[in-house]
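Participant: Quick one: the structure is below, and I'll ask about it shortly.
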């Protein structure tokens, strides 16, 4: 039995030049995940943490009370260890520069969706936390700048998510494969339960909000029809599974094989998901697990961000399914 802490130390030992900063950040995330897990598990017992907070994020979306709690928990956990120089969140209008001396001398910045799928909390559906870590590009010792956050996804040094479901799992990559750790609340420890995770090349699930079908581009409509058609050679029809929480849908497809799609639409002409907080970290995980992630045409990780809360269409999952979806998108764009 190997704990997350032991695993982090073991991996750090493989890099003699490593000074432990990244390990410290992962430990901060581990602590934040435990605290968020505790609050989610008692959400049905306390009206103080259920429902709408009465505020909106920069995208104009109503913030749930647990959104605000998770955001502040992540921020405080990172600030306590002083291993990141700055922090950006889907819930904040702008990035936060940590101003104390040790934090300003840190090499890394972190971006997060602190509680993905939070609108599901009130009905006891799985939610998650997503995180993404980069090396800063601004001079060490100075406050972080916007350029530190507007980096292509290929420059990530680590990304991952925590899924709060029937069990709580932390899944992450540092660019050398994907590993999953299940939380044992009796011990207070994350235990390595899913080493070297690989997404099946061929999938059998497609995850998309079909209630928005009439608003989708023709390429997506054709792919949905393709998924629903019978064909023994490709084991179709595929099964439709859509939870409405990116982390939960991605996690199922990572284990079982499938594709998750949130495309452009007449309602969201640029897509709905955020490139920096959702697209890049999940795309990094997908590629490290042997899958693919695109915007329907090009790899997500190659997109150069132009703004902090940039939206992107998102196709992620088993390689064969993403390639097929992209093929329909490209044919309909010609």
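Including glycine, each Cβ sits where the backbone N, Cα and C put it.
Copied straight from Swiss-Prot:
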| type | residues | note |
| --- | --- | --- |
| BINDING | 90, 113, 115 | Mg(2+) 1 binding site |
| BINDING | 113, 116, 278 | Mg(2+) 2 binding site |
| BINDING | 116, 117, 118, 119, 209, 242, 272 | substrate binding site |
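Quick one: where do these features end up spatially?
Facilitator: Using a 10 Å Cβ-Cβ cutoff, residue 113 (Mg(2+) 1 binding site) registers 29 neighbours. Look at residue 113 (Mg(2+) 1 binding site): DSSP puts it in a strand.
Taking Cβ-Cβ distances under 8 Å and a sequence separation of 6 or more, the neighbours of residue 272 (substrate binding site) in its chain are 262, 311.
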Participant: So among 209, 242, 278, all listed as binding-site residues, which is physically nearest to residue 115 (Mg(2+) 1 binding site)? Use the C-alpha atoms.
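Facilitator: Spatially nearest to residue 115 (Mg(2+) 1 binding site) by Cα position is 278.
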Participant: For the substrate binding residues given in the record (116, 117, 118, 119, 209, 242, 272), what is the largest pairwise C-alpha separation in angstrom?
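Facilitator: Taking every pair among 116, 117, 118, 119, 209, 242, 272, the longest Cα gap is 17 Å.
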Participant: Going by DSSP, give the three-state secondary structure for residue 272 (substrate binding site).
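Facilitator: The three-state answer is coil.
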Participant: Find the one among the binding-site residues 118, 209, 278 whose C-alpha lies closest to that of residue 90 (Mg(2+) 1 binding site).
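Facilitator: Nearest listed residue in space: 278.
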Participant: Rounded to a whole angstrom, what is the C-alpha distance between residue 116 (Mg(2+) 2 binding site) and residue 209 (substrate binding site)?
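Facilitator: Cα-Cα, rounded: 16 Å.
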